[in-house]
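Asker: Below are the structure tokens for one structure; questions will follow.
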Amino acid sequence: MVRAGAVGTHLPTSSLDIFGDLRKMNKRQLYYQVLNFAMIVSSALMIWKGLIVLTGSESPIVVVLSGSMEPAFHRGDLLFLTNFREDPIRAGEIVVFKVEGRDIPIVHRVIKVHEKDNGDIKFLTKGDNNEVDDRGLYKEGQNWLEKKDVVGRARGFLPYVGMVTIIMNDYPKFKYALVAVMGAYVLLKRES
């Protein structure tokens, strides 16, 4: 068995020396790698904006952050949303909504809908795993949600795929390390 650092062993340090690799690149290679990285980022942004237009939702993909919707959805499930204004809101539907004063949208089921003669709709939500409805989550004095509060309606999901997002939010250093590693990979990757 050979131990790291033992006499006569050689550990390759060139793969670990990121700045040394950057210094070895000529300006054209470095420019190409930075441009490649910028194209990846801009492509991701264009895909996101395209999804916003196609789905009608300001946030077409969301992650379930709590267990309040179990057994329908679990913490870490990735939800795909649509939000077409002409679609009526129905009891039993799962919606993602924003509440004034809260930064993070909430994923819950519509349990009651009240429609007025003029077409205005008000509705009440509740998490499947919660004992009481969501009136305690709404802003003070608000008893019902309106269509303007809806970010989207759940149309599909991928189980547990969003756990990466939860881990990155729970452990911010992991998020920065992951971004740094991906950025270094893109910058240092050389065409064969």
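Cβ from N, Cα, C; glycine included.
Okay, so Swiss-Prot annotates it like this:
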type	residues	note
TOPO_DOM	1-28	topological domain 'Cytoplasmic'
TRANSMEM	29-48	transmembrane segment
TOPO_DOM	49-192	topological domain 'Lumenal'
ACT_SITE	Ser68	active site, charge relay system
ACT_SITE	His108	active site, charge relay system
ACT_SITE	Asp134	active site, charge relay system
REGION	177-188	region 'C-terminal short (CTS) helix'
Asker: In DSSP terms, helix, strand or coil for His108 (active site, charge relay system)?
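Answerer: Reduced to three states, the DSSP call for His108 (active site, charge relay system) is strand.
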Asker: Please report the Cα separation of Asp134 (active site, charge relay system) and Ser68 (active site, charge relay system) in Å, rounded to an integer.
Answerer: 11
Asker: For the region 'C-terminal short (CTS) helix' (177-188), what are the DSSP-based totals of helix, strand and coil residues?
Answerer: 12 helix, 0 strand, 0 coil
Asker: Report, in whole Å, the straight Cα-to-Cα distance of Ser68 (active site, charge relay system) from His108 (active site, charge relay system).
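Answerer: A Cα-Cα distance of 8 Å.
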